[in-house]
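Asks: If you look up TrEMBL, you'll see 74-263 marked as domain 'ABC transmembrane type-1'. Look at TrEMBL and you will find 12-34, 76-102, 123-153, 165-184, 196-217, 237-263 tagged as transmembrane segment.
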Amino acid sequence: MRILKQLLRHKSGLIGSVITLLIVLPIALAPLIYSYDDVINMNLAQVLRPPSLEHPLGTDELGRDLMGRLLWGGRVSLVLSSVSVAIGLVAGVTIGVCAGYFDGPLSWLTMRCVDAMMTFPRMLVALFVITVMGQGEVSLAIAVGISTIPIFARLSRGSTLALRGIAYVEAAGAIGASHSRILLRHILPNILSPLLVQATLAFASAVILAAGLSFLGMGPAPPTPEWGAMTAEARSYLVTAPHIVLAPAVAVLLLVLGFNLLGDALRDIMDPRLTQERH
């Protein structure tokens, strides 16, 4: 609750919260507004209609309501991004914390592999994983998640190294506390703040990456709505019906902007060094 109050007092946090809420809330209520059949079934009598009271954002090249597809597509994008960040967070933190706490050749080798992954663009890593696993929603989520692992691994390892030499951690080891108890009681709780900030920023980048891969045809198969795929399907109508291209593209832009602003605000609030600088 304290963090929420600080977030709403922070200019970037307030703007980011409003933008995110205005996008996520309608997406969450999508099943109450549009049935899924309405957004996947063609209606050739309503092709490329401009915005109207019946269709607030118009219709697409197959006569489907664009607002409905945008909201249902947002659900797909949010789920894919959330699963991706969860995969990257769990795997990355496990690797990073173990590598930071247990010093040795295996830890060194593990982090060199992580460093090697970071030398490749995330899009390339994700494309390689999808090539191996095949196309589809599950493959897309796993691919984006794997590309996120190095970010969390390096962050959690650095934080663990900083905490490992602190007096209360050494004291816990001296009195016979097990490694698992030290990690769960003393290490992990103290690295949650930077991980929360990074997870917020990683979510924004996951939205972009998932949309980009879907744009390339690596995501959900038609007629499943997804923002990147919707943009790709409509790009041929950019001149004649720009609204069907701009709607999903602007949705991606606003969602990413909202989460980036939230991440920046959380970093300002939770980083004590930045707090001291402000004072």
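Heads up, the Cβ atoms here are built off N, Cα and C, so glycines get one too.
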Asks: State the non-local partners of the transmembrane segment (237-263) in its own chain: residues 6+ outside its ends, Cβ under 8 Å from one of its Cβ atoms.
Replies: 7, 12-13, 15-20, 23-24, 48, 50-51, 57-61, 66, 70, 73-74, 77, 197-198, 200-201, 203-205, 207-208, 211, 227-228, 230-231
Asks: Ranking 12-34, 76-102, 165-184, 196-217 by the number of C-beta pairs under 8 Å to the transmembrane segment (123-153), which range is first?
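Replies: The stretch I would name here is 76-102.
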